[in-house]
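Straight from TrEMBL, the features:
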REGION    A:1-23  region 'Disordered'
REGION    A:46-65  region 'Disordered'
DOMAIN    A:153-244  domain 'Toc75-like POTRA'
DOMAIN    A:253-364  domain 'Toc75-like second POTRA'
DOMAIN    A:365-446  domain 'Toc75-like POTRA'
DOMAIN    A:485-817  domain 'Bacterial surface antigen (D15)'
REGION    A:591-610  region 'Disordered'
Amino acid sequence: MSSFAAPGQLLNPTLSPSIRPRRKSATATAAYTPIFSSTAIRCDLSSSSSSSSQNPEPLKSAPHKTLRSLSKSLALSTAAGLLLHFSPLPSLISHTVLGSGNGNGDLSGGGGGGGGGGGGDGSGGFWSRVFCPVAIAKDDESPSQEWDSHGLPANIVVQLNKLSGFKKYKVSDILFFDRRRWTTVGTEDSFFEMVSLRPGGIYTKAHLQKELETLATCGMFEKVDLEGKTNPDGTLALTISFTESTWQSADKFRCINVGLMPQSKPIEMDPDMTDKEKLEYFRSQEKDYRRRIDRARPCLLPLPVHREVLQMLRDQGKVSARLLQKIRDRVQKWYHDEGYACAQVVNFGNLNTKEVVCEVVEGDITQLVVQFQDKLGNVVEGNTQLPVVRREMPRQLRQGHVFNIEAGKQALRNINSLALFSNIEVNPRPDEKNEGGIIVEIKLKELEQKTAEVNTEWSIVPGRGGRPTLASIQPGGTVSFEHRNIKGLNRSILGSVTTSNFLNPQDDLAFKLEYVHPYLDGVYNPRNRTLRASCFNSRKLSPVFTGGPGVDEVPPIWVDRAGVKANITENFTRQSKFTYGLVMEEITTRDESSHISPNGQRVLPSGGISADGPPTTLSGTGIDRMAFVQANITRDNTKFVNGAIVGERNVFQVDQGLGLGSKFPFFNRHQLTLTRFLQLKQVEEGAGKPPPPVLVLHGHYGGCVGDLPSYDAFTLGGPYSVRGYNMGELGAARNIIELSTELRIPVRNTHVYLFAEHGNDLGSSKDVKGNPTEVYRRMGHGSSYGFGAKLGLVRAEYAVDHNSGTGALFFRFGERF
Amino acid sequence: MASQLIREWSGIQQFPLATQTKLLELLAKLKHENVTTLTILVMGKGGVGKSSTVNSIIGERAVAVSAFQSEGLRPVMVSRSRAGFTLNIIDTPGLVEGGYVNDQALEIIKRFLLNKTIDILLYVDRLDAYRVDNLDRQVVKAITDSFGKGIWHRALVVLTHAQLSPPDCLNYEDFFSKRSEALLKVVRLGARIRRQDFQGAAIPVVLVENSGRCNKNENDEKILPNGTAWIPNLIETITNVISNGSKAIVVDKKLIEGPNPNNRGKILIPFILAFQYFFVVKRIQRAIKDDIAKEDKPLWELRDRGLANREF
């Protein structure tokens, strides 16, 4: 699974761009049982493309009102319950807001006047803000309603004002007619989206008039008319004829970030102003705008897009409303593609000069709010301390940064990895007090602090002759408890007891009690160190006492370990970490019947069993006690390229004996593992793209200087050592080296692989006391090769064991590397 | 065993006079070189005639010989003294069992030999076996691993059943030289002695015939088909080997158990640890730091940090 997968996230940017990720995790399951829940990031944009706020004063609405009405429209559209999938360019509210070069008066006049066409005198500093809501509220439009016939002869053209105010007309068709080009434009034209009327809809005259009004006042058109043509079946075919607004051609483009800027309210213009006053007024407007441009922060829009827009301007000649719309679309597309979900083009200013100024509200974060909710969604005071959550958030989500949906996702993933919350929502919403600002709300539902759990399982143990018998079915299971998030600082205590047979728990009772203390250096310190203290026991079959090929049965030796451990883990990155700590343990070696056995057993050629095999412990008594320091540093920069793992992983581990314990064990046991995943072909990254072929190179060196009890000897052979052999089949040695290579070739959505491996004891088998390698007739080295395929979680592979030259098919879980 | 009574070497009187004279002469020569005790270790596969050889040398039925199976797994030391000279001969059980070297037998032999000095190793095999195989090599290897390479400087290859008629096409001398050559090669390989070293101090090959039907010469000495009396010849070769300047093998605990691998390099551990810290851990830490620096930051993060420069 990809590393960031928060189980069941739901990103839900609503109309006002807001993400509301929802994370559902199986709360009942304990932390150490892996949960595979499907990850789904669905971007639902609940909006209605056509419905937008109705602004009563569309022309003079100040920008802060824009946003306010924005949130209003959010509520509205949510009520309408329309869910659209997130599209790269969500036609949010912002249908272009245009400022025209001069003629503010004309525009504000609201009639069909438009922006005064080419007649501009070039005093470009003058601007006005036009909010052009496209739609009429749809609440009352219900398709199921009956409609009235127009009651007129067919095929005649009726003006809008000739229509009856009492009838509900059905619109069969809508045509746009460009008067300038003298052509009809199709529904694919960018203007079409500005009209909320749809063919087949039923509208009253008032509707149509309002529609016309909004079109006329949005600043895109100099002149717009609506007329109907009667159809024989009683429906109307509408024709919207328009003249597009145009301005002087421009050869410069500027994009400015006007978010959070104090908005200057345009002074009402008295229609009785004298020319001089008007001139004065325009001048002051112009000056204001200059100042505004100067004050505006540079925006994020990169130069390539900038140049692209410039090219558009050059190609077009005159700046037309359509062009501005295209520019807006292009600019917004870039922002939204890059994850700036709250960015909007709010205005074009400075028209009719040589420069087009595109005003963008990028979505600056004004506040970061973290709130906790109870199960019912009520806001409560959480148990978790805020800094714990805050330190997981990327800096880009804090105040003063531009909101980016990716940063939100990262916050979501990071917080999710704390495993403290059942539900996480990252939700940007417009700041009502701060125009253009975004408040990032993080809503968290905490998990139960204390959980306890019982898992049961039946296991069927092979009976005599390897066949399962009824008597060999054993009830087993785990009892565990967890107390997490102690003191709200994510400290936790967890304990578990596992047995494979509840009827006879003394046989193998595994317990673990662990205390985890994160933020060892303080929750405000960026250094991320975690203290873990645990007491544990474990029982494992020793691979040291395993026979080589042709040796029938070597009596097994069980190695029981029980002890306490304390270590500190410092995380450098998500995958790279450094762990160091102290381990004190008692090791007991037992034979099949759980008797302590100080020596391995061996089968004599005569068939008898003698108990004078290699010593199992250092002390020679079957029980060792020792204390050692353990350190492990992992460097892992692997990442997924279309599902294939690529990168490098190096692990170095040292166990340093302290000379404390039975026979004063003093040793240095070290292992170095180097794994490289080489990408053999550059591929394009993206969902659904094929992964690249990967060559895996792997080397593992293990060595020990000093006291080496047999249970700590390095064993060769097994699925994680040399495939094709059993665990320990090749030997147990003081120093080993394993080399392995694997070529992975993607096939459909999985991969097949070829591999070759070699393991060698470097002649150090004899340096293990009692030489278990030789006693059990093992080679001490061996190679294998084979091929396999990954089938989901299972690897099916055919491996040829080079020592005997025979092959076998294996099924394994998990990854070799 | 060590406390075993050292008896007078009465068996020597059983030998024909010529042999007696020769033996006493050789013993005197050894005494002259300040050698008063001679410990001979007899080893080899089972059923090659080790015990018989021991009996032949001693001149009495000192150890039990059984034609068909080995007499238990215990080594036996026979000690005889004559005129202030002590001869110890250690007879060992056969080293091979079930097609493998019997580790346990070897273990017992080693423990038996603890704190003894071996002056001479008699590696016994049969002359009338035509072939050498991997097992011979294993046996030689086992002996070498137990007592070290040095023992082969004090070793004799003894070929029993010397009185045989070789296969048709060969005459006796050719057969003997071929057989001894093959066996020496095995010894060389099994003991991992380099060819040059081996040629410098060749292991002598001695023929032995323990059978009562052994031909005798006019002096009533047991002789080989080539006419030499083999007992004096054997003792003479032993004497020569002793005086070739090599050291006797002192079997102590260290030799038996080998150097304790757990103690090897222990003193270096602090240095190893320091090396690991400075050259491995530190290096990996640096690599991690590099990784962090090189990490592909998402574009939005770079833009946020003002690193984009409006390039992207």
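Glycine too: its Cβ is placed from the backbone N, Cα and C atoms.
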Exercise. Summarise the domain 'Toc75-like second POTRA' (A:253-364) by DSSP state, stating how many residues are helix, strand and coil.
Key: 52 helix, 23 strand, 37 coil
Exercise. Can you check how the pLDDT averages out over the domain 'Toc75-like second POTRA' (A:253-364)?
Key: 83
Self-check item: For the domain 'Toc75-like POTRA' (A:365-446), residues assigned helix / strand / coil by DSSP
Solution: 21 helix, 32 strand, 29 coil
Quiz item: How do the residues of the region 'Disordered' (A:591-610) split into helix, strand and coil according to DSSP?
Solution: 0 helix, 6 strand, 14 coil
